[in-house]
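Accompanying notes for the structure given below.
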Amino acid sequence: MEILRGSPALSAFRITKLLSRCQDAHLPVSDIYAEYVHFADVSAPLSADEHARLQRLLQYGPSLPEHPPAGRLLLVTPRPGTISPWSSKATDIAHNCGLSQILRLERGLAFSIQGPDLNESQWKQLAALLHDRMMEAVFTDLQQAEQLFSHHQPAPVQRVDILGQGRSALEQANIKLGLALAQDEIDYLLTAFTGLGRNPTDIELYMFAQANSEHCRHKIFNADWVIDGVVQPKTLFKMIKNTFEHTPDYVLSAYKDNAAVMEGSQVGRFYATAEKGIYDYHQEEAHILMKVETHNHPTAISPWPGAATGSGGEIRDEGATGRGAKPKAGLVGFSVSNLRIPGFEQPWEENFGKPDRIVTALDIMTEGPLGGAAFNNEFGRPALLGYFRTYEERVNSHNGIELRGYHKPIMLAGGLGNIRADHVQKGEITVGAKLVVLGGPSMNIGLGGGAASSMASGQSDADLDFASVQRDNPEMERRCQEVIDRCWQLGEYNPILFIHDVGAGGLSNAMPELVNDGGRGGRFELRDILNDEPGMSPLEVWCNESQERYVLAVAPAQMALFDEICRRERAPYAVIGEATEEKHLLLNDRHFGNQPIDMPLDVLLGKTPKMLRDVTRLQAKGDALQRADISLAEAVKRIMHLPAVAEKTFLITIGDRTVTGMVTRDQMVGPWQIPVADCAVTSASLDSYYGEAMSLGERAPVALLDFAASARLAVGEALTNIAATQIGELKRIKLSANWMSAAGHPGEDAGLYDAVRAVGEELCPALEITIPVGKDSMSMKTRWQEGHEQREMTSPLSLVITAFARIEDVRRTVTPQLRTDKGDNALLLIDLGAGHNALGATALTQVYRQLGDKPADVRNVQQLAGFFNAMQRLVADQHLLAYHDRSDGGLLVTLAEMAFAGHCGVTVDIQSLGNDALAALFNEELGAVIQVRAEQRADVEKLLADHGLANCVHYLGRAVAGDTFDIRSGTDVVYSEKRSTLRLWWAETSWQMQRLRDNPDCADQEHQAKQDESDPGLNVKLTFDPAEDIAAPFILKQARPKVAVLREQGVNSHVEMAAAFHRAGFDAVDVHMSDLLAGRTDLQSFQTLVACGGFSYGDVLGAGEGWAKSILFNDRVRDEFEAFFHRPTTLALGVCNGCQMMSNLRELIPGAEHWPRFVRNLSDSFEARFSLVEVASSPSLFMQDMVGSRMPIAVSHGEGQVEVRDAAHLAALEQSHLVALRFVNNHGVVTEQYPANPNGSANGITAVTSVSGRATVMMPHPERVFRTVSNSWHPEEWGEDSPWMRMFRNARKQLG
């Protein structure tokens, strides 16, 4: 083992935060220094040259001050016996750089701790604070890291002696293995194996437990029900299916695959052909798939990997739909207990305690969103939608006074994608078909996730809890998805016959499911499974939940094609078996010469005992709202701080919202980029205005008063959120229903039944809406010992509805941004509560620690349908200036958020809403506020009346320029405050969370910027006509020069880049680095090269640096790139990850010696912003005739800060006029202030060019906003092409 010191690992503010945590834990630590240390396992000694190459390879990241380590060492490494994603990618890079004798690279974090002597207990406490026991180990000596490379002999299979010991043997195994088997399941297994005349193996029992867990089998939703002694006619699942039976319109696949599919649009899908690799549009049906999952249990144990693998698993579900599909846009949501932010505790937040084995709500909301965002970011899927609710209170509900809240959190992960018409249905698995595992190797992680998530937190052993959490490698999943993409793009020649993702239960669930669904059995070889931990037992190899894996059936004749695709994409795979005629599972183990599994499929997946739920209804006992202590002014401030209402920027800007170039409505609205969008919208392709939309609805606290009302409101809110897009008929909308319940808790089972019936049998059929997909999580309770007291925290019944719809025209989507530039205007409230104004279970009651008695509800189904249809007319006729639904916080919050988005004031009169101002302003009945032109008000009111809404419409007042927020009732002032003051209150929760998580200086700067009342918002100044197509004369000649669209494993922005060059008249060619390294392609035939954005090698060894070094340290490929850059007629562009990569190739690029490096953002966070830039005067041939132009652009990166050697280097860069783009603030001034400058680069620098102008590198993404509709905000006069299209046309013009 070789040990190589690395660079300092933590920035100054991270060290400060670590010292603060030590102080909070009463650990007397005076200083901490942390640096990376690398360990190389080599098969032969490295030569001096190879050693130098390895040293250079391991120099990466920002240049932080180094000092010799002093004090005691605590070395944090990956857990011995595991291989980290960092290790596999770093080893790949080393091999691609010619260091073939490196068997494996691994990285540790060496902490040098200074301070008074700590006792042994304190050292243990400090070690616990510095590492994640799930994934890491702590050593006190560098040599101890040798254990990382130790190899163990495989452990044998174990048998459970039921023939000798009978039932007791199974009962003991149930406890020891954490199987969560019910008594009747134990009886079933006893009968089955006794009938087979043999003892089961541990692997067979484990496989059965996972496949038949509540998590996988949904026993409660398929159970028979008796309520109050009355047999119920339907199961829960049958009531959900009733919606499809009533309205099957537009549904192509429901209830039988990894995701549901509905009809989409005929559009040009843009991808490279297999024959020549040239990108083009392919006119075909792009049907819409939809899926929403939860990952609650793992997120409670370890939030980052829990949320990351939640998103990763849901993405795999989408990709594994039909015979292979394309995930497109994602959503993430969280329900947690109270945050209790240190120094920002709120009056309604009481500490009720929690179990030690789960983390705090604050920890979940600090780490969980980062994990979910990081996976989506690295995979390359925009996260466009979400929700965030906190609830934790002692309330008087159905079961009397008890604790209700989300100690077991909800972590929601979902999204939509597209699929070809001929791939919607899975194919036939032929006898002899090869059974393949695509993706990463097996590791000893995530064991028992299905069974563990089916238990209430606190029932299982703490070690089993930790064992059941997986960890993530999104870059591997991206590689697998590229393989799936290449397969479905082959159309009828798609080699994939059948595909499933590997999730709960690992291969033990996925492979039996695959062959069973295909009507076959399977014969497998255990030792053919890719395995990074050879010491695992057969149970661990077969049942672990290592992520980023899919199982496929491939016809033998197509294996060569499949192998070729996988090799090009560097996606690992293994053929582990064959499909058999007999429906039998046989798993052979050639190492031990035995068969750990040998059982009929029907024992595993057959008719296990059906559950019966015999339950009792309980009546809600909510108390009437006590108003004595409620002041309206104080209520407003409290509600603005409540997370469900408060600004959620800290959850949004960490997530890429522009990748694909097909996002037309993200969370951020208008020139001031306020996060108040009601729904997410994507275009169906890069050549059309058809699209897809999705929205969320959930009102869980209402279930504490009325289960059915809560469910109805969730559906209603999803509809009011999506209503301001152009959908057409209501039945176009399809819903996902995610049900979370504490099954078995008094009253909850009957409440669940009532809620499902309300939606599945009544509301949705009446609206003609289908629920073709959903999921349930039935163990939403936490138990623990608090001193001498046994405590329970039970979540409210929680239904999260996600609405999906096909969109007729994405340009018609209306946002909450109030307009004061359209002449006189009118604000209308459409009150679907019809004056009920119920205050039970609202934000108001929550912030005053009450529940109330009567909640909101869907008051009139016909009016809800009429409302939707009326909005569709108004959207299609373009009569709406602004639209925002009423939800958490009520009418006052709706109006405030609209004013924030418009940076304006409102003056309204609520006299028509009754005499109870508190109820009028804070009820959360369904409804919306619309803004229309004053002269159209009468016509709009008539249209609403024609749709049955006459008694729901109230004229409120108008939006006005300025800072006023005035609410009156007749002549009485009800509430008056500055809009800017409300805006800051609304922002404070996000600010405090951001200060805790990121660089607090940046968080403070952002909060300070929100106080600038003179901020004009995003604005545009162009020095050219964006409607002029300067490439047109060259396109007319029909000569299409070739551009090499270069990608490395992990790159995710190549398709939209190709589309931009294609539109400018190029033939865009898909070139993978594996093509160049293998010699399949070279750069000689290209005049233009573009290196695309993403996460090459998952940013291991520095963003873009591993990619660059695989070029620099490969002599033939290095010469090829150098020759390209030295040809006087070539053009080269590097964007984001491609920019980072090319900046590290500067020694090969003439005139690039002054280029900087691009390193970790000053905020120490991934930054996704829509930022204003100005084109600087430079030689860049891409920016010709654009100098002086100011316009917004997509920014999405974690490492974009310009790093120069010193002041002289910066001066040389400036004096050479090589800066091509700079960040400016909304006043047009070059800035280093956050967030206008999202990465902290000196002088606002964000793009540089070579002396000749032929090579340009830039961190922002022009390719994601080359279409006007894909800009988060844009001036209304822009046409189809945004001004950024000029960059690509300049390139085409340059080539003549």
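Every residue gets a Cβ built from N, Cα and C, even glycine.
Annotation source Swiss-Prot lists region 'Disordered' at 304-323, 1000-1019. Annotation source Swiss-Prot lists ATP binding site at Gly306, Ala307, Ala308, Thr309, Gly310, Ser311, Gly312, Gly313, Glu314, Ile315, Arg316, Asp317, Ala677, Ser887. For Asp678, Glu717, Asn721, Asp885, the entry in Swiss-Prot reads Mg(2+) binding site, with the evidence type sequence analysis. For 1000-1013, the entry in Swiss-Prot reads compositional bias 'Basic and acidic residues'. Taken from Swiss-Prot, the feature domain 'Glutamine amidotransferase type-1' covers 1043-1296. The annotation active site, nucleophile is assigned in Swiss-Prot to Cys1136. Marked as active site by Swiss-Prot on the basis of sequence analysis: His1261, Glu1263.
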Set of same-chain residues at least 6 away whose C-beta sits under 8 angstroms from Glu717 (Mg(2+) binding site): Leu696, Gly697, Glu698, Arg699, Ile801, Asp885, Ser887, Leu926
Long-range Cβ neighbours of the region 'Disordered' (304-323) (under 8 Å; 6 or more residues past either end): 134-135, 253, 257-259, 261, 289, 291-295, 297-298, 330, 332, 367-372, 374-376, 379, 381, 411, 413-417, 419-420, 423-427, 446, 469-472, 474, 477, 480-481, 484, 487-488, 494, 496-503, 547-548, 550
Asp678, Cys1136, Glu1263 screened against Glu314 (ATP binding site), Cα within 10 Å - retained recorded positions: none
Diameter of the ATP binding set by C-alpha atoms, the set being Gly306, Ala307, Ala308, Thr309, Gly310, Ser311, Gly312, Gly313, Glu314, Ile315, Arg316, Asp317, Ala677, Ser887, in angstrom: 32
Close recorded positions near Asp678 (Mg(2+) binding site), where close means Cα within 10 Å, chosen from Ala308, Gly312, His1261, Glu1263: none
Which of Arg316, His1261, all recorded positions, has a Cβ with the fewest other Cβ atoms inside 10 Å: His1261
Alpha-carbon spacing, Ala677 (ATP binding site) to Asn721 (Mg(2+) binding site), which is rounded to whole Å: 9
Asp678, Glu717, Asn721, Asp885 excluded, remaining Cβ within 8 Å of their centroid (Mg(2+)): Cys679, Ser695, Leu696, Gly697, Ala718, Leu719, Thr720, Ile722, Ala723, Ser887, Ala928
Integer Å distance between the CA atoms belonging to Asn721 (Mg(2+) binding site) and Glu1263 (active site): 29
Lowest local Cβ density (other Cβ within 10 Å) among recorded positions: Ala308, Ala677, Cys1136: Ala677
Packing count at Glu314 (ATP binding site) (other Cβ atoms within 10 Å of its Cβ): 32
Number of helical, extended and coil residues in the compositional bias 'Basic and acidic residues' (1000-1013), per DSSP: 10 helix, 0 strand, 4 coil
Composition by DSSP (helix, strand, coil) of residues within the region 'Disordered' (304-323): 16 helix, 0 strand, 4 coil
For Asn721 (Mg(2+) binding site): intrachain residues, at least 6 apart, with Cβ closer than 8 Å: Asp678, Cys679, Ser695, Leu696, Gly697, Ala803, Asp885, Ser887
Alpha-carbon spacing, Ala308 (ATP binding site) to Cys1136 (active site, nucleophile), which is rounded to whole Å: 23
Distance, Arg316 (ATP binding site) to His1261 (active site) (CA atoms, angstrom): 26
Neighbourhood of Gly310 (ATP binding site), C-beta criterion under 8 angstroms, separation at least six: Glu293, Thr294, His295, Pro298, Thr299, Gly372, Met411, Ala413
From binding-site residues Gly306, Gly312, Arg316, the one whose Cα lies nearest the residue listed as 'active site, nucleophile': Gly312
Which listed residue (Asp678, Asp885, Glu1263) has most other Cβ within 10 Å, given these are recorded positions: Glu1263
